[in-house]
């Protein structure tokens, strides 16, 4: 059986992670701690002798910058990098920007846990009056998306549904060709890929 080589990296701590805020598609940058985490991750890969052929990331700077730090650490900044919105974090809709503890106090911990951890229940949608609607939904990096593609909120199921086409059509063929693949993305988009791979079972096809 062929041995596939794939490394998944979740971005370092963002400024909004540090402030315990729902981030989703908001383009929060890495905190100082997040930069150090990314560099340490890169150093660990360097120490282990990892080499890659192609890289993938989202269009959100916390993931892009994490990838930069990793590639710098392993001295492979020349590698081709493909960015796609399909690897973005889950869209937290109307929760975007809210402090998680304050949201739990307002709506109850049980409700917030459902929004955060259930597979197919999305949070409230982001309407046009939301503080971050313009900066997210009208951002030109998403100008090519259709109305059906541009979310106003997402469950984990929704996140997996938009990430998997890119995984299956773009990444899997590279892996099957023997390319060593590095993906720097987000907790939920990576969870979706891992959940998909686990569903394939031991020895199954990608």
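Start at 1 and count along the chain as shown; that gives each residue its number.
Cβ coordinates come from backbone N, Cα and C, glycine included.
Unlike curated records, TrEMBL annotations are generated automatically.
Look at residue 11 (active site, tele-phosphohistidine intermediate): DSSP puts it in coil. Here TrEMBL flags 11 as active site, tele-phosphohistidine intermediate.
Cβ neighbour count for residue 89 (active site, proton donor/acceptor) (all protein chains, 10 Å cutoff from its Cβ): 26. Under the heading active site, proton donor/acceptor, TrEMBL lists 89.
Annotated substrate binding site per TrEMBL: 10-17, 62, 89-92, 100, 116-117, 187-188, in sequence order. According to DSSP, residue 89 (active site, proton donor/acceptor) is assigned to coil rather than to any helix or strand.
Non-local contacts of residue 186 (site 'Transition state stabilizer') by the CB criterion (under 8 A, 6+ apart in sequence, same chain) comprise 10, 11, 58, 60, 63, 87, 88, 89, 90. Under the heading site 'Transition state stabilizer', TrEMBL lists 186.
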Using DSSP and collapsing to three states, where does residue 117 (substrate binding site) fall: helix, strand or coil?
helix
Sparsest-packed among the recorded positions, when each Cβ's other Cβ atoms within 10 Å are tallied, from 10, 11, 117:
117
Binding-site residues listed as 16, 92, least Cβ neighbours within 10 Å:
16
Among all protein chains shown, how many Cβ atoms are found within 10 Å of the Cβ of residue 13 (substrate binding site), not counting that one?
20
